[in-house]
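Q: Sharing the record's features from Swiss-Prot:
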ACT_SITE  CYS86  active site, nucleophile
ACT_SITE  HIS181  active site
ACT_SITE  GLU183  active site
BINDING   SER235, GLY236, GLY237, VAL238, ASP239, SER240, SER241  ATP binding site
DOMAIN    9-207  domain 'Glutamine amidotransferase type-1'
DOMAIN    208-400  domain 'GMPS ATP-PPase'
Amino acid sequence: MTENIHKHRILILDFGSQYTQLVARRVRELGVYCELWAWDVTEAQIRDFNPSGIILSGGPESTTEENSPRAPQYVFEAGVPVFGICYGMQTMAMQLGGHVEASNEREFGYAQVEVVNDSALVRGIEDALTADGKPLLDVWMSHGDKVTAIPSDFVTVASTESCPFAIMANEEKRFYGVQFHPEVTHTRQGMRMLERFVRDICQCEALWTPAKIIDDAVARIREQVGDDKVILGLSGGVDSSVTAMLLHRAIGKNLTCVFVDNGLLRLNEAEQVLDMFGDHFGLNIVHVPAEDRFLSALAGENDPEAKRKIIGRVFVEVFDEEALKLEDVKWLAQGTIYPDVIESAASATGKAHVIKSHHNVGGLPKEMKMGLVEPLKELFKDEVRKIGLELGLPYDMLYRHPFPGPGLGVRVLGEVKKEYCDLLRRADAIFIEELRKADLYDKVSQAFTVFLPVRSVGVMGDGRKYDWVVSLRAVETIDFMTAHWAHLPYDFLGRVSNRIINEVNGISRVVYDISGKPPATIEWE
């Protein structure tokens, strides 16, 4: 039997903050399993989960509104530590007898709080000291409402001039509230506070580590599928690659990977995937060359959303056909990760407006009665990468920049043609190669080239040429929700432009995209 890595667990109730997933990732980084649930859970669900502690997230609502979200009352009766963050602190204060008022001024940004009373949450944690020796903490505030009276059995732990109750605590019940965000890096000691709560106050052991996660996943896969055969769509992306390696470790040759080469991949990507997984790691791979089929389906289509749907539909068709050729396959594996599960769950915190449709395997083949294997569904992307390293996958492959599911289908603007894809592949490879050579690749969050269906006059030797235009795009971001364009050196951009125009016959002009997100999106389509 493998160790129970879910034995100690934290429940995070989501009130809608943009930082809630970051809270969960921080808890996981501390080696402790946690799950993220909507705030309106039932007492029975909490009892069934049996958490070692509960965190109440921040949120955009006002606790002073009549129908604003509230924590289930059982949260405060379960006998486990509770940590309220921002809105989570406000609803805790209000529900336990304190008072919250709407503030005329939003407090947003850096603040320094002074610790005025001892608490297990911040004992020995400080960024600086006042003249009379009291600890100061540098924190990140983001709130409109504020607590104006704490519950009678709480004490004030820290305050600022504008926020008299920046930290409150009931040490006996192990209830804590902070009016700032410990999960963001701007709160310099935030990770230590979370560690103090999770590891010391909740007494959770660090059982959630890459090696133990792998052992647990392998055991669970074997228990789920036994000696049955499993099929997986392998794209060469991080999620499907790590899924393939976990399944291979668990069931060996009973796994068949289907690699669909849609003609929309990066330069030499198909060969690299086949070499690494087939030749090097010894996985059983079915290679399906399907470039003509995808490009035929895309012919004449200019609309980005329609292109995405065509690519998704054709992939499912091709995958289904290959699956039907295999005998006795009982299970379909997918690289679903935890954020996919969170996004697809019906959450009372509301849904973001759909900007672009997400590309994924469209479901099980209709003719096949297969079960679903999702070994990554509890993991965040950063955890998937760490597991990939532990399984022996190369760093460069696991940490390369994001690549959209539809591939070059949404990086060739307008109609997708083989000629355009071939030009774009070579131009993009030059851009990425130069970024690596200049030690800039890991300094930007994402970089790629876009093919513009526009011809431009150029000069080559004594002649004029009338060829295509490409745009370089590089951004810096923490969460991909917002992004700044990367200020790459002019001489570097000039070098990339010269190489592309001289080495890629058919491109006459290179431009650089200096749009931020918002108002632009990172991808052009």
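Cβ coordinates are placed from backbone N, Cα and C, and glycine is handled just like the others.
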Q: So of all those active-site residues, CYS86, HIS181, GLU183, which one's Cα sits nearest to GLY237 (ATP binding site)?
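A: Looking at Cα distances from GLY237 (ATP binding site), the smallest one goes to GLU183.
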Q: Taking 8 Å from the centroid of the Cβ atoms of SER235, GLY236, GLY237, VAL238, ASP239, SER240, SER241 as the cut-off, which other residues in that chain fall inside it around the ATP site?
A: LEU234, VAL242, THR243, ALA244, GLY335
Q: If you count CB neighbours within 10 Å, which one among the binding-site residues GLY236, GLY237 has the smallest count?
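A: Output over binding-site residues GLY236, GLY237: least Cβ neighbours within 10 Å is GLY237.
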Q: Comparing the recorded positions CYS86, VAL238, which residue's C-beta has the most other C-beta atoms within 10 angstroms in this structure?
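A: Checking each of CYS86, VAL238, the winner is CYS86.
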Q: For the binding-site residues SER235, SER240, which Cβ has the most other Cβ atoms within 10 Å, all shown protein chains included?
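A: Most Cβ neighbours within 10 Å: SER235.
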Q: Counting every protein chain present, what is the number of Cβ atoms, excluding its own, within 10 Å of the Cβ of HIS181 (active site)?
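A: Around the Cβ of HIS181 (active site), 23 other Cβ atoms lie within 10 Å.
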Q: At the Cα level, what's the spacing in Å between CYS86 (active site, nucleophile) and GLY236 (ATP binding site), rounded?
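A: Cα to Cα, CYS86 (active site, nucleophile) and GLY236 (ATP binding site) are separated by 40 Å.
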Q: Over the domain 'Glutamine amidotransferase type-1' (9-207), what is the model's mean pLDDT?
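A: Averaging the confidence scores along the domain 'Glutamine amidotransferase type-1' (9-207) gives 94.
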Q: Rounded to a whole number, how many Å is the Cα of SER240 (ATP binding site) away from the Cα of GLU183 (active site)?
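A: With the alpha carbons as reference points, the distance is 29 Å.
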Q: In sequence order, which same-chain residues at least six apart have a C-beta under 8 angstroms from GLU183 (active site)?
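A: Non-local contacts for GLU183 (active site): TYR19, LEU22, VAL23, ARG26, ILE85, GLY190, LEU194.
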